[in-house]
Amino acid sequence: MTCLYPGTFDPITNGHLDVIKRALKIFDEVIVAIAKSEHKKPCYDLEKRKELALLATQNLKNVKIIAFDNLLVDLAKELKVNTIIRGLRAVSDFEYELQIGYANHALWEDMETIYLMPSLKHAFISSSIVRSIVAHGGDVSSLVPKEILPFLKDQSCM
């Protein structure tokens with residue numbers, strides 16, 4: 001069985017990788033679906049975020065990276081995948097994710113959402129925290145995959 005793990009991944013973090021690895025224990029394949037997310041005004045463009053995710057997951061089997069700019073439910077139908085994985089770091093994430101999960105289910109009755117918590121050591125990591133630390137010249141080597149560190153040196157978008 002295959003699941004979709006959608007997100008902005010701006011940039012992909014060790015927290016994201018942790019959720020991917022946990023999902024692989026449940027599913028045969030994880031499709032990481034990188035959203036255009038113009039409303040979030042991402043730091044990195046869609047192609048760069050996809051490139052970084054490909055680098056970060058290159059050693060993981062059964063992980064596919066795609067980019068999309070349409071409704072998640074439409075993408076899921078197109079791929080014939082009815083299960084979405086979402087990572088939850090804190091209770092504050094749950095309220096938002098629950099609303100999105102209900103909306104997706106309202107758009108497609110077959111759509112299911114499974115919420116996974118990251119490991120405790122990754123529970124505080126977010127892409128926005130990573131961008132903030134980089135913007136202030138801090139070390140994010142423990143927060144992001146080593147494969148993408150060289151790309152974070154360019155702080156022009158942070």
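Keep in mind that glycine also has a Cβ here, set from the backbone N, Cα and C atoms.
Keep in mind that this is a model prediction, so the values were computed, not measured.
Here's what Swiss-Prot has on this protein:
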BINDING   Thr8, Lys40, Leu72, Arg86  substrate binding site
BINDING   Thr8, Phe9, His16, Gly87, Leu88, Arg89, Glu97, His122, Ala123, Phe124, Ile125, Ser126, Ser127, Ser128  ATP binding site
SITE      His16  site 'Transition state stabilizer'
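Location within the structure of each feature annotated in Swiss-Prot.
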{"residue": "Thr8", "record": "substrate binding site", "Cβ within 10 Å": "19"}
{"residue": "His16", "record": "ATP binding site", "Cβ within 10 Å": "25"}
{"residue": "Lys40", "record": "substrate binding site", "Cβ within 10 Å": "12"}
{"residue": "Leu72", "record": "substrate binding site", "Cβ within 10 Å": "19"}
{"residue": "Arg86", "record": "substrate binding site", "Cβ within 10 Å": "21"}
{"residue": "Leu88", "record": "ATP binding site", "Cβ within 10 Å": "17"}
{"residue": "Glu97", "record": "ATP binding site", "Cβ within 10 Å": "16"}
{"residue": "Ala123", "record": "ATP binding site", "Cβ within 10 Å": "15"}
{"residue": "Ile125", "record": "ATP binding site", "Cβ within 10 Å": "21"}
{"residue": "Ser127", "record": "ATP binding site", "Cβ within 10 Å": "23"}
Candidate binding-site residues Ala123, Ile125, Ser127, pick with smallest Cα gap to Thr8 (substrate binding site)
Ser127
Once the DSSP letters are reduced so that anything not helix or strand counts as coil, what is Leu88 (ATP binding site)?
coil
Neighbours of the substrate site Thr8, Lys40, Leu72, Arg86: Cβ within 8 Å of the Cβ centroid, same chain, sequence order.
Pro6, Gly7, Ala35, Ser37
Measuring Cα to Cα, how far is Leu88 (ATP binding site) from Leu72 (substrate binding site) in Å?
18
Euclidean distance between Cα atoms of Lys40 (substrate binding site) and Glu97 (ATP binding site), Å:
16
Quick check for you: of the binding-site residues Ala123, Ile125, Ser127, which have their Cα within 10 Å of the Cα of Arg86 (substrate binding site)?
none
